[in-house]
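Enquirer: So TrEMBL has the following annotated:
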- B:3-277: domain 'Phosphofructokinase' (DOMAIN)
- B:G11, B:R72, B:C73, B:G102, B:N103, B:G104, B:S105: ATP binding site (BINDING)
- B:R21, B:A22, B:V23, B:V24, B:R25, B:K154, B:G185, B:A186, B:D187, B:K213, B:A214, B:H215: ADP binding site (BINDING)
- B:N103: Mg(2+) binding site (BINDING)
- B:T125, B:I126, B:D127, B:R162, B:M169, B:G170, B:R171, B:E222, B:R247, B:H253, B:V254, B:Q255, B:R256: substrate binding site (BINDING)
- B:D127: active site, proton acceptor (ACT_SITE)
There are 4 protein chains.
Amino acid sequence: MKRIAVLTSGGDAPGMNAAIRAVVRTGLAKGWCMFGVRHGYAGLIAGEIFTLGARDVGGIIQQGGTMLGSARCPEFETVEGRMKALSQLCRHEIEALVVIGGNGSQAGAHALSLLGFPVVGVASTIDNDLYGSDVTIGVDTALNVSLEAIDRLKVTASSHHRAFLVEVMGRTCGYLALMAAIAGGADAVMIPEKETDPEVVATELRVAYDNGKAHAIVVVAEGARYNAEGMALYFQTHRERLGFELRMTRLGHVQRGGAPGSFDRLLGTLLGAAATERLADGKHGELVGLLKGEIAATPLAEVVTNRKTLDLGLLKLARTLAQ
Amino acid sequence: MKRIAVLTSGGDAPGMNAAIRAVVRTGLAKGWCMFGVRHGYAGLIAGEIFTLGARDVGGIIQQGGTMLGSARCPEFETVEGRMKALSQLCRHEIEALVVIGGNGSQAGAHALSLLGFPVVGVASTIDNDLYGSDVTIGVDTALNVSLEAIDRLKVTASSHHRAFLVEVMGRTCGYLALMAAIAGGADAVMIPEKETDPEVVATELRVAYDNGKAHAIVVVAEGARYNAEGMALYFQTHRERLGFELRMTRLGHVQRGGAPGSFDRLLGTLLGAAATERLADGKHGELVGLLKGEIAATPLAEVVTNRKTLDLGLLKLARTLAQ
Amino acid sequence: MKRIAVLTSGGDAPGMNAAIRAVVRTGLAKGWCMFGVRHGYAGLIAGEIFTLGARDVGGIIQQGGTMLGSARCPEFETVEGRMKALSQLCRHEIEALVVIGGNGSQAGAHALSLLGFPVVGVASTIDNDLYGSDVTIGVDTALNVSLEAIDRLKVTASSHHRAFLVEVMGRTCGYLALMAAIAGGADAVMIPEKETDPEVVATELRVAYDNGKAHAIVVVAEGARYNAEGMALYFQTHRERLGFELRMTRLGHVQRGGAPGSFDRLLGTLLGAAATERLADGKHGELVGLLKGEIAATPLAEVVTNRKTLDLGLLKLARTLAQ
Amino acid sequence: MKRIAVLTSGGDAPGMNAAIRAVVRTGLAKGWCMFGVRHGYAGLIAGEIFTLGARDVGGIIQQGGTMLGSARCPEFETVEGRMKALSQLCRHEIEALVVIGGNGSQAGAHALSLLGFPVVGVASTIDNDLYGSDVTIGVDTALNVSLEAIDRLKVTASSHHRAFLVEVMGRTCGYLALMAAIAGGADAVMIPEKETDPEVVATELRVAYDNGKAHAIVVVAEGARYNAEGMALYFQTHRERLGFELRMTRLGHVQRGGAPGSFDRLLGTLLGAAATERLADGKHGELVGLLKGEIAATPLAEVVTNRKTLDLGLLKLARTLAQ
């Protein structure tokens, strides 16, 4: 009988609980003993490892966040930290580990893997900046929360003939911002992958104003050169040119805490189940993700050395549609 | 046959459309001619007055914002501005005006009233700082939007063992913040009506942390002496004392643009209908609001000279419940 | 030190958990020992009584349903059943009981009270058919869930030029249906309190169709003489007269399980806290409810012998607004 | 300059408006003249064709349903009907048509195509039973509405120790039901593609009950041999075996009218834009859909002669996870 542990690491993402549940229940169905690790790598180092039964992961599929908790763990970035983690895994006789998380988490998974411990990663981050999965667990829900906010800002903007700068998350990745802009019918978008001159945005807003639009929305990625604050500052002295009165909103951590929608529940479930199946097939040192609409595994070595690219054709589409 | 106009003024509030619809349709049912004014007092001065039929206000009851638009209008604060407004009302042969809005709007309504023009006000502002209505149109929806955000922040806070400062709207009134704190199960709340020493909050957070709570929420009114930014600044150098990692979120204009819930749709409908009925009864110079669970009218003169008070007993209750 | 127990009984209602939390935490703040009873009167008879600490009621304010569970209990309607309940209360040295629920539950509370045991009721039922509270805990959320469904039905109805019959809950009370009709902008409404001839509805729908409306909504109370099924049957053979194609939807139990909105969380909190305060003041044999916008107590004897009436003026308003 | 028309047909689906907007605006960006057809093929036959400018499709991306309206049209299934449609297209000098809809709609598109008229189909139906697109526009939102209902039913079921039969849409396709079951953490699911003996469900429910689960959910596809009504009937006389009290809910048309989430807004936008691009490239007689995570075109001839299959491996997964 196998003894498998699962942890979540890095920023929490809606759907992580669905993944935990699927890892645990597919493992139990194989007759394995399943364990959870609290607070990510920090808990692993501290030996916060405990058994998980079928009932322990009941009623969590519809909840955001992660029931296992998460934490940043600088100590795990040191050799000493990793050796402590290994010795804890050893002490609890854990035979393999499933790591649910994004870039930093999978780098940790890769490090453990290089030390010879069997690890399978599950792609989960709302930033969608992880190589090895076209879409990661949490993105869809974060996007929906952002859209809900944008829809509401459009309502109040329309009542007052205003333009809103909306800053969405995504670290150095513009995926969330670009998708929120397209799905939110935004007038302009600023992402880190392709710098946009604020003057271009000014012109677009002016044109929208002159065309009689009742409001305008500019979606700004937090990692863009001009983020919402930067843009607000830039336009402070050029206000009259825009036509619209300008307001700024940073959506912040609210984007992270939504209850997972169907997409993230299903993705979490499918990837979690697949991670357990990979282990059952004797595979490890891989990340399980969604590639071209199908569940697929990518070696962790590849994951940590490649950078996911954003389809900039969508940026052009966003502009075409913002008429 | 009567000719009645309706306008919305000041910040938009969810439920204003329900009020517009009710004013118009109850008027039409009496055989009156109903008119809308675009962009509040600015549009009134500019003569943006147009007829409203039953179909024109169809399908708006479920929409946030105001279909009539709103705007700030410094000109209306001058005698000249008001005389222009009067002359436009005269030119369009309008016999009475319904003004849907908050403090500033009802001050304008009172001013017009003093000039002899029949005006009835309808109490609507998300800030709930208007004398003459225990709860105003828009408060319930704004509160629900805030709560939704707080619920989401609690989810991500729990995953990371964090405390969140959440700043909610309300200008100089702490109603929204206090209610959001009670309904959101917050650990502390800071309102303008009663200053709280940040040190007290620090102690409360520390106690919560030591009691093993997975997260903490502090709701801060935008008008509090220490707003979210102030609090974040204050704790920047005292961080270790809190236990929790501290994060800050300002909900901003998102609170304003929600689709009205049942309470605001019903309140908007009842107050709008009541405003028309007051005019039919030959009454004016009044604000229609909700007092002790019933629709009631208060003279505008009283409305503009009194300040609504907040029940500070609720502050004590909030503290009792935050165990 | 006092020992107080709390139970929920009858149909679950969103906000019951807020009430439980408030009862418990205000009691604990007084230094009392607080207890929960599982599964309503059935659990009381079975002696399912357990202590509740501050943490036990943490994180429940935002959850629908009741953490204590509920159940129907025919046995409690017998003298033997009640004596068993009393003996369990005695065995656990409980000094007073808080009963959160609607008509049946408060009848039980009254019965216990008549036997000499101190009981305070808290008004909670989505049906809003309980004398002693203008609005009961759960009504606002149930109404919002119904409205959300009505809004969605309007969307699909508009796309297909259809009329929808929507049946909402409320037992023999038309409150939910009437309010859903007003807030949902329905074209007609059928409630138990005032029978409507289906022919009148047919005419109203025909007029709406001929006026070019894209859709029509008829809200039907489950307790109306013609409920949704009855209406669908009635119109099966008269279809052509309506113009619109007719469809039927019964919202069912979904209305009950929503996450409580701000209104129900606040009402639950205020009534729960008030119930404990009444006991602290030595009062019992009462129901705590919301009367004319304020928390007020009504003798249980009065509650069980009176029937709440529905303001039929609102029915007229609903018709006026459905232009 | 090209003259292109777009219509929606069959059941409305959330995201259709995003598709209409994308078709129109990408066409306008090419300098084409864009037209809308009202009420599907019925409007085409009746010549309800009108120009669509950029502003006409503004503010619709976030709205459910279809701004163009839809209708069933038996006449279009006749040769005469199609010839009338062709002659209307000819009369308005339309050069190509985009048909947004599901199976019936694309059969119509194919028929027009066979008559020599350039048509491109866009895959949209909440039933997800259309060959040529792994997921169609509307499925994600319908699934989310279903899940929201299931989550609510679980809340009330838990309070009362009940089992709920939830019937979801999907015609003869079990996709929605199966996905709702997996994402909703259901205990059992019944789909048309694989008959399940009610006795098996009875056993599963009994096991769940005996394992101490507080509630149970059985998702039933409307097209399953035993739909919700059939199941309720079957268990009427075998009730005691289940342990749980059994209740039934049919979600009905509510599933159709949700506001589109991000997935359907993006899918609608991408497929709509792609349809216009296919026409620009001189392609037609095709359906544009999502295949293996990418936008791809499939000949309409293939679409109408093939039946999409459901991955029954997911049924096994659903069972494994329902522990």
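Along the chain as shown, the residues are counted starting at 1.
Just so it is clear, glycine is given a Cβ too, placed from its N, Cα and C backbone atoms.
Remember, it's a predicted structure, so these values are computed and weren't measured experimentally.
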Enquirer: Of the binding-site residues B:R72, B:G104, B:T125, B:D127, which sits closest to B:A214 (ADP binding site) by Cα distance?
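Expert: Among B:R72, B:G104, B:T125, B:D127, B:D127.
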Enquirer: Cα-Cα, whole number of Å: B:R256 (substrate binding site) versus B:G11 (ATP binding site)?
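Expert: Spelling it out, the Cα of B:R256 (substrate binding site) and the Cα of B:G11 (ATP binding site) are 8 Å apart.
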Enquirer: If you take the centroid of the Cβ atoms of B:G11, B:R72, B:C73, B:G102, B:N103, B:G104, B:S105, the listed ATP site, which other residues of that chain have their Cβ within 8 Å of it?
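Expert: Here the non-site neighbours turn out to be B:S9, B:G10, B:G40, B:S70, B:G101, B:A107, B:G108, B:T125.
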Enquirer: In terms of Cα spacing, which of the binding-site residues B:V23, B:R171, B:D187, B:V254 are within 10 angstroms of B:G102 (ATP binding site)?
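Expert: So the list is empty; none.
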Enquirer: Between B:V23, B:C73, B:M169, B:A214, B:V254, which of the binding-site residues has its C-beta surrounded by the fewest other C-beta atoms within 10 Å?
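Expert: Fewest other Cβ atoms within 10 Å, among the binding-site residues B:V23, B:C73, B:M169, B:A214, B:V254, is found for B:A214.
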Enquirer: Cα-Cα, whole number of Å: B:D127 (substrate binding site) versus B:N103 (ATP binding site)?
Expert: 10
Enquirer: Consider each pair of residues in B:G11, B:R72, B:C73, B:G102, B:N103, B:G104, B:S105, all listed by the record as binding ATP, and report the largest Cα separation in Å as a whole number.
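Expert: Across B:G11, B:R72, B:C73, B:G102, B:N103, B:G104, B:S105, the widest Cα separation comes out at 14 Å.
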Enquirer: Count the other Cβ atoms sitting within 10 Å of the Cβ of B:R171 (substrate binding site), across every protein chain shown.
Expert: 18
Enquirer: Check each of B:G11, B:R21, B:R25, B:G102, B:G104, B:G185 (the binding-site residues) against chain C and write down, in sequence order, those whose C-beta lies under 8 A from a C-beta there; write 'none' if there are none.
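Expert: Qualifying residues, whose Cβ lies under 8 Å from chain C: B:R21, B:R25, B:G185.
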Enquirer: Between the Cα atoms of B:V23 (ADP binding site) and B:R72 (ATP binding site), find the distance and write it as a whole number of Å.
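Expert: Distance (Cα to Cα, whole Å): 23 Å.
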Enquirer: So among B:G104, B:T125, B:R247, all listed as binding-site residues, which is physically nearest to B:R21 (ADP binding site)? Use the C-alpha atoms.
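Expert: Sorting the binding-site residues by distance from B:R21 (ADP binding site), the top entry is B:T125.
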Enquirer: Rounded to a whole number, what is the top Cα to Cα distance in Å among the residues the record ties to ADP, namely B:R21, B:A22, B:V23, B:V24, B:R25, B:K154, B:G185, B:A186, B:D187, B:K213, B:A214, B:H215?
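Expert: Binding-site diameter by Cα atoms for ADP: 52 Å.
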Enquirer: According to DSSP, which kind of secondary structure is B:C73 (ATP binding site) found in, if we only use helix, strand and coil?
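Expert: Going by the DSSP assignment, B:C73 (ATP binding site) belongs to neither helix nor strand, so it counts as coil.
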Enquirer: Out of these binding-site residues, B:N103, B:S105, B:T125, which one has the fewest other C-beta atoms within 10 Å of its own C-beta?
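Expert: Fewest other Cβ atoms within 10 Å, among the binding-site residues B:N103, B:S105, B:T125, is found for B:N103.
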Enquirer: Report, as a single number, how many Cβ atoms besides its own are within 10 Å of the Cβ of B:R256 (substrate binding site).
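Expert: There are 26 of them.
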Enquirer: Quick one: of B:R21, B:V23, B:C73, B:D187, B:R256, which binding-site residues have a CB closer than 8 A to some CB in chain A?
Expert: B:R256
Enquirer: Just counting, how many other CB atoms are there within 10 A of the CB of B:G11 (ATP binding site)?
Expert: 25
Enquirer: Quick check for you: of the binding-site residues B:R171, B:G185, B:R247, which have their Cα within 10 Å of the Cα of B:N103 (ATP binding site)?
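Expert: Those close enough: none at all.
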